[in-house]
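**Student:** First, the structure itself, so that you have it in front of you.
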Amino acid sequence: MNYQKVYGITGPVSVAGPTAPENKLNDALIQELKKEGSFESEADTAKRVQILKTLQELAQKFVYQVSKNKNMSDGMAKDAGGKIFTFGSYKLGVHGPGSDIDTLVVVPKHVLREDFFTVFDTLLRERPELDEIAPVPDAFVPVIKIKFSGISIDLLCARLDVAQVPATLTLSDKNLLRNLDEKDLRALNGTRVTDEILELVPKTSVFRIALRAVKIWANRRGIYGNVFGFPGGVAWAMLVARICQLYPNACSAVILNRFFKIYSEWKWPQPVVLKPIEDGPLQVRVWNPKIYAQDRSHRMPVITPAYPSMCATHNISESTKKVILGEFDRGIKITNDIFSNKKNWSDLFDKHDFFHKHKFYLTVAVTTKGDDEQHLKWTGLVESKLRLLILKLEALPGINIAHPFPALFGTTYIYNDNKDVENIFENYGSHKTENKLQNLVKITDENREDESIKDKPTMYLTTMYIGLDVNVENKKEKVDIHVPCAEYFNLCRNFNEEFQDNDVFSLIIRYVKLHDLPNEVYDEDEARPIKKKRSKRTKDTEDDNGTKRPKSDAGSIESSSTTAIGQTAAA
């Protein structure tokens, strides 16, 4: 008898292979992925390989320098080693043009995290290939974000309790995790999880095509991004991997259809796991809702397979869960139609309608009068705390959904004086007033090197959007969003002493109606939503559903010279 290896914590749902029609649909899926630009050219792949080779050389030079600084002999300093590992989409084999590279620098025990943010930082800045750099030492997982030869790279660092890190080192041994602090464990987790995922799927080629499709779908539908409360790349990879385990011989097209079917019917918060959760040699928390109340609060838990197991989707809120489930329902309907030859794969990847579907929006605008490194740090902080604002908003009576859009919109202006700065503050982010900024010079890729603007003062702006579904039918009183906005504003402003400089860093929170969203959120060929014309009586007294409503009130949050505006939506 032929015995097939069982993947996952249960047996397969079906071991059937693909039929001829399913193979045809699979071929059509691959062609659509090519059309969507999912695959990278050979030249770009070779460029990534060269960049990683350079980073490996820098990692060894970094460890050597630190070792010499600690009076080691030349031979011992060279033997100390240092190694680069990759994880995320690049390691999974599903990266595409423009994808970043998640990278981990592993160092021996005498190299400290402080050395990473000083010595290694200096080595990077000396490289001519470096375009941008933003160290974030205070992040949950400390990181140096760089753009190197045009490619974005997140560099993490992990210090092992070993004297040497040879080129042959692998991270599969759980005993390597002994005597590490929490930040080192978190940094190592990405690489260990990626390695395990690839070992836990029956056919990596099927897994990769299905995951490429899911990544495009999730990005197009606006549900991709851990920091915003949606699954990130690793979580989507684990969700696809579990379906591959249940249908070990299926083609990628079938995996996609079953992906939507199973997760639209999944009994959340039942966790998605790829293997039994393991114990290990450390006194660290392993995900266990029977013991930890925080783990019981996870709404859509997807659990990492590498020890110590963690929840990769702990950021999902009640609002983002509703949005994700709505997209699963849409996905199963469309893929069923594809299998019935009523629709094509391109229909699955249709763009979201986020900037058409909500009546009210909250705009969170981050501004910096300084350099791009300062702005990246300030934006990174505000972005990382946005989920806390979502939780505060969705807890308000009368707000059904606080739906974050998981992408940022950036603009950079040249300004001459405080009058220009006030003009930007007052008029940016509103369709009614954005034409008042037409006289200001925007920095673009085309004019960035122009001598006429090179040394002029610049203002960087990055905007995030939250769509608000307000329960206008059941709630007659107003929904006051002033308090959560003020709390969020103060949290970001007071997080770090550096960001309390009002002359450099600003945070503006505004309430905007659908028809007043700025042009930047719409594609060039995309029509703006059209405001329905109503009679004067109806316009003054009724909402779109015919429900009477009071007029909106406005409030503001003041902090020295910087104003964050939290206007009140009427309900």
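Every residue, even glycine, has its Cβ placed from backbone N, Cα and C.
As annotated in TrEMBL:
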DOMAIN    8-201  domain 'Poly(A) polymerase nucleotidyltransferase'
BINDING   F87, G88, S89, D100, I101, D102, D154, K215, Y224, G233, V234  ATP binding site
BINDING   D100, D102  Mg(2+) 1 binding site
BINDING   D100, D102, D154  Mg(2+) 2 binding site
DOMAIN    353-531  domain 'Poly(A) polymerase RNA-binding'
REGION    524-571  region 'Disordered'
COMPBIAS  557-571  compositional bias 'Polar residues'
**Student:** Expressed to the nearest Å, what is the distance separating Y224 (ATP binding site) and D102 (Mg(2+) 1 binding site) at their Cα atoms?
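**Tutor:** For Y224 (ATP binding site) versus D102 (Mg(2+) 1 binding site), the Cα atoms are 16 Å apart.
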**Student:** Using the recorded Mg(2+) 2 site (D100, D102, D154) as reference, state which further residues of the same chain have their Cβ within 8 Å of the centre of those residues' Cβ atoms, listed in sequence order.
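**Tutor:** Sorted by sequence, the hits are G88, Y90, I101, T103, S152, I153, L155.
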**Student:** Provide, as an integer number of angstrom, the distance between the C-alpha atoms of D154 (ATP binding site) and D102 (Mg(2+) 1 binding site).
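**Tutor:** Distance between the two Cα atoms comes out at 5 Å.
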**Student:** Check the Cα-Cα distances from D102 (Mg(2+) 1 binding site) to the binding-site residues F87, S89, V234 and tell me which is shortest.
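**Tutor:** Checked the binding-site residues F87, S89, V234; minimum Cα distance to D102 (Mg(2+) 1 binding site) goes to F87.
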**Student:** Determine the minimum-neighbour residue: among F87, Y224, listed as binding-site residues, which Cβ has the fewest other Cβ atoms within 10 angstroms?
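**Tutor:** Selected from the binding-site residues F87, Y224 on minimum Cβ neighbours within 10 Å: Y224.
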**Student:** In Å, how large is the greatest distance between any two Cα atoms among F87, G88, S89, D100, I101, D102, D154, K215, Y224, G233, V234, the listed binders of ATP?
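**Tutor:** Between the most distant Cα atoms of the ATP site, 19 Å.
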